[in-house]
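S.K.: Got a structure for you, questions after.
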Amino acid sequence: MREHYREEIKDKKRIVVKVGTSSLIHPETGGLDLIKVERLVRELSDLHNQGRDVILVTSGAIGVGRKAAGLKEKPDRVSLKQACAAIGQARLMMIYQKFFAEYNQVAAQILMTRNTMLNQKNRRHAQDTFEELLELGAIPVVNANDSISTFEILHGDNDTLSAIVASLVEADLLILLSDIDGLYTDNPSLNPEAEFIPYVKELDGNLKSMGKDAVSGLGTGGMTTKLIAAELATSVGADMLIANGADMSVLHRIMDGQPYGTFFQANKDEQFDLKTFLEAHFS
Ligand SMILES: Nc1ncnc2c1ncn2[C@@H]1O[C@H](COP(=O)(O)OP(=O)(O)O)[C@@H](O)[C@H]1O
Ligand SMILES: N[C@@H](CCC(=O)OP(=O)(O)O)C(=O)O
């Protein structure tokens, strides 16, 4: 018998899906994995056709830009990363637009900065735009505005961004697609004894200490920032899932209530203040 929280996923109406660089780019060449991007778009389009509001938070601008600019090494200077993001974001969006259009969907780009989140007026404006877009039936495609703001690059983290978006649009589900099945008791690439955790009712200090950085590869933030995202998302009333984006069809399986990934139970905290939370984690 399936757990009730899995069954309840079927009824989710507003879903934010975040996809990490490691799920979009071929690690051997740095080139975009077009089959995965196409499948991701097909899955999201189908969720939208089912009558749900869908928002995509996508990383990958720096990685795609690095490849397009012909850089052999991962860029180290912040300004070079910003330049790669400027090149890559345009390419990435062009590809998303193309695939979404093939499935008869309207995609919209939203690039956010730290101020969008912290400044009350900016936050309100972003919120209004999201609402109008969802009302129009568009699919917002969100990334950090890395070429004009360095904060996101320095703190390297679209995981938190996706939880902030979930909070802005009052989503009822956030799904993080990564290169790993979910949360383990330790980083499984370093510790073969690490055990998989399918369900988290409440994020306590012990669980938070299990999230470590990524050892290498294309992503940034590792599990640490995913757990910060989980704390934020669940506190504002959204359930959250971390699942493996190696096969993008995991999305409709999750929405069908099948037991993929680590599920974090929403635990709405009426006292929760986004500004205080962000300042505590990223000052
Ligand atoms: N406790 C843990 N459980 C699972 N993965 C972990 C854990 N601690 C660290 N990690 C690392 O986090 C990585 C995923 O984060 P990251 O590379 O930033 O991916 P993404 O690009 O999807 O954001 C995993 O591949 C793994 O190496
Ligand atoms: N904004 C950056 C992504 C930063 C980031 O958090 O990356 P990831 O850990 O792959 O989700 C980019 O588009 O390259």
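Start at 1 and count along the chain as shown; that gives each residue its number.
Placement of Cβ uses the backbone N, Cα and C atoms for every residue, glycine included.
Note that the structure is a prediction, hence the values are computed from the model and not measured.
What TrEMBL records for 13-244 is domain 'Aspartate/glutamate/uridylate kinase'. Under the heading ATP binding site, TrEMBL lists Lys18, Ser178, Asp179, Thr220, Gly221, Gly222, Met223, Thr224, Thr225, Lys226. Per TrEMBL, the feature substrate binding site maps to Ser59, Asp146, Asn158.
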S.K.: Out of Ser59, Asp146, Asn158, give those binding-site residues positioned within 10 angstroms of Gly221 (ATP binding site), comparing C-alpha atoms, in sequence order.
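M.R.: Close binding-site residues: Asn158.
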S.K.: Return the single residue from the binding-site residues list (Asp146, Asn158) that has the minimum number of other CB atoms within 10 Å.
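M.R.: Output over binding-site residues Asp146, Asn158: least Cβ neighbours within 10 Å is Asp146.
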S.K.: When neighbour density is defined as the number of other C-beta atoms within 10 angstroms of a residue's C-beta, which of the binding-site residues Lys18, Asp179 has the lowest density?
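M.R.: Among the binding-site residues Lys18, Asp179, the sparsest Cβ neighbourhood within 10 Å belongs to Asp179.
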S.K.: Rounded to an integer, what is the Cα-Cα distance in Å between Ser59 (substrate binding site) and Lys18 (ATP binding site)?
M.R.: 8
S.K.: Quick one: Cα separation, Thr225 (ATP binding site) versus Asn158 (substrate binding site), in Å?
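M.R.: That comes out at 8 Å between the alpha carbons.
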S.K.: Identify which of the binding-site residues Ser59, Thr225 has its Cβ surrounded by the largest number of other Cβ atoms within 10 Å, counting every protein chain shown.
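M.R.: Of Ser59, Thr225, the one with the most crowded Cβ is Ser59.
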S.K.: Cα distance, Asn158 (substrate binding site) to Lys18 (ATP binding site), nearest Å?
M.R.: 8
S.K.: Report the binding-site residues (Ser59, Asn158, Gly221, Thr225) that meet this criterion: Cβ distance to the nearest atom of ligand 2 under 6 Å. Use sequence order and write none if nothing qualifies.
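M.R.: The ones that qualify, in sequence order, are Ser59, Asn158, Gly221.
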S.K.: Ligand 1: which of the binding-site residues Lys18, Asp146, Asn158, Thr225 have a Cβ closer than 6 angstroms to it?
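M.R.: If the test is a Cβ under 6 Å from any atom of ligand 1, the answer is none.
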S.K.: When DSSP states are folded down to helix, strand and coil, where does Gly221 (ATP binding site) land?
M.R.: coil
